[in-house]
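To start, the structure itself, in structure tokens.
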Amino acid sequence: MQILHVADVHLGKRQYNLQERELDFYNAFEKSIEIALRERVDAYVVAGDLFDTPVPYTSLQPLRVAVSGFRKLRERGIEVILLPGDHDKPKARGVPSIEFVSEMTGAKLLRSSKCIEVKGYKFCGLEAFNPLSESELERAKSYVRTLRREASKRAVLVAHVGVKDLMPFQSVEKEFLPEGFLYYALGHIHKYAILEVHNTKAVYPGSLETVSRDEIPEINNKGPVLVDLKDLSLQKIRIEVRPQVKVQLRASSPIELMKELNEIYKKVPPNSVVHLFVPENLRAYVTRIVNTLSERVLHVRIDVIKSGYANNPLSDASPTVKVSLLEVLKDIYGEKLGSKVYDVIQAYIEGNDEKAEQLLDELFKSGVWNRSPYAFSQRRLSK
């Protein structure tokens, strides 16, 4: 039996508020559908985050694209198996889009600790949960105990969860996953990775498109994974996505700037997204920089490098003002909340919007904000 393992599709994401980027995510999904049809797989498995938001905010296009793609698969006898990810699940009450798509197309919707059978193989689910929430973690542990009873060498676990080997925050040890399954079809981490879990293969196919800036090094490794469950052979099928590049300007004068821009103009891929790091002394020339590059590329994002920052913003290095910023936040919000707010800011600085959103979600769910000195003082002022 062959499956096409997909995860983190994020239909509806309008990155940088660009319609072209929203279309890019639809195109990547449609390419994965074409691959499934071409390879004549038995099942198309989505390990979470089919959509970028639980319900569409601006139009129904994400639903139309998903329904159209899945109907093509179903017409050819290909089963569609969907697991809700954290982006698919509403924060409050409501019916998520993924349920609507399941009803409209006949796609099978997996739930935690539940299993379905397809052509003699069992597919079991472990939905997204927050490992930092005590109640959610305990509930997940209960699901894992139930799943152990379903495990066999003809069973696949589909899970949307991060493991600490690849993701240090908001994650679990890989041994947390219930043992005994043939294959672990994972989602949530946007980088392609193969792990050994309980003496078998656990795979993250990675996101189909570039969801955040920190994924740029993996931009040529996007696409689904073709899995033959008979012998557990894997094939990463790469799809072409829109180029994104990071460029640091090093000019120290306007004349040097124009020379450097001409060189960059020749080298950057056409219709790409350019993340440009500009020294603070050239801030006044930002408009000229953008106008020059916009003739060739889709979009230019400018980051002004302040003099107090590390020399190489393209690396993972943090600003040299890191400690003082942390201390200021602790003074304002208190020790615990200040540290958490700092982590959120750092994630945004690094361009990892998804990590920042997860940390914010964790912050408000934890109740730390309500217990902080800052929140207490605000409550007193409001009385």
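Glycine too: its Cβ is placed from the backbone N, Cα and C atoms.
Record features, source TrEMBL:
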ACT_SITE  HIS87  active site, proton donor
BINDING   ASP8, HIS10, ASP49, HIS190  Mn(2+) 1 binding site
BINDING   ASP49, ASP86, HIS160, HIS188  Mn(2+) 2 binding site
DOMAIN    1-192  domain 'Calcineurin-like phosphoesterase'
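Overlay of TrEMBL annotations on the structure.
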residue : record                    : Cβ within 10 Å
ASP8    : Mn(2+) 1 binding site     : 25
HIS10   : Mn(2+) 1 binding site     : 25
ASP49   : Mn(2+) 1 binding site     : 29
ASP86   : Mn(2+) 2 binding site     : 22
HIS87   : active site, proton donor : 26
HIS160  : Mn(2+) 2 binding site     : 29
HIS188  : Mn(2+) 2 binding site     : 26
HIS190  : Mn(2+) 1 binding site     : 26
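Straight-line distance linking the Cα atoms of the residue listed as 'active site, proton donor' and HIS188 (Mn(2+) 2 binding site), rounded to a whole number, equals 10 Å. Distance from the CA of HIS188 (Mn(2+) 2 binding site) to the CA of ASP8 (Mn(2+) 1 binding site) is 6 Å. Other than ASP49, ASP86, HIS160, HIS188, the residues of this chain whose Cβ falls within 8 Å of the Cβ centroid of the Mn(2+) 2 site are, in sequence order, ALA7, ASP8, ALA47, GLY48, GLY85, HIS87, ASP88, ALA128, VAL161, GLY187. Comparing the Cα of HIS160 (Mn(2+) 2 binding site) with the Cα of every entry in HIS10, ASP49, HIS190, these being the binding-site residues, the smallest distance points to ASP49.
Other than the site residues ASP8, HIS10, ASP49, HIS190, same-chain residues with C-beta atoms no more than 8 angstroms from the centre of those residues' C-beta atoms, the Mn(2+) 1 site, are ALA7, VAL9, GLY48, ASP52, GLY85, HIS87, GLY187, HIS188, SER207, LEU208, VAL211, GLU354. Taken together, the residues in the domain 'Calcineurin-like phosphoesterase' (1-192) have a mean pLDDT of 94 on the 0 to 100 scale. Cα-Cα distance from HIS10 (Mn(2+) 1 binding site) to HIS188 (Mn(2+) 2 binding site): 11 Å (rounded to the nearest whole number).
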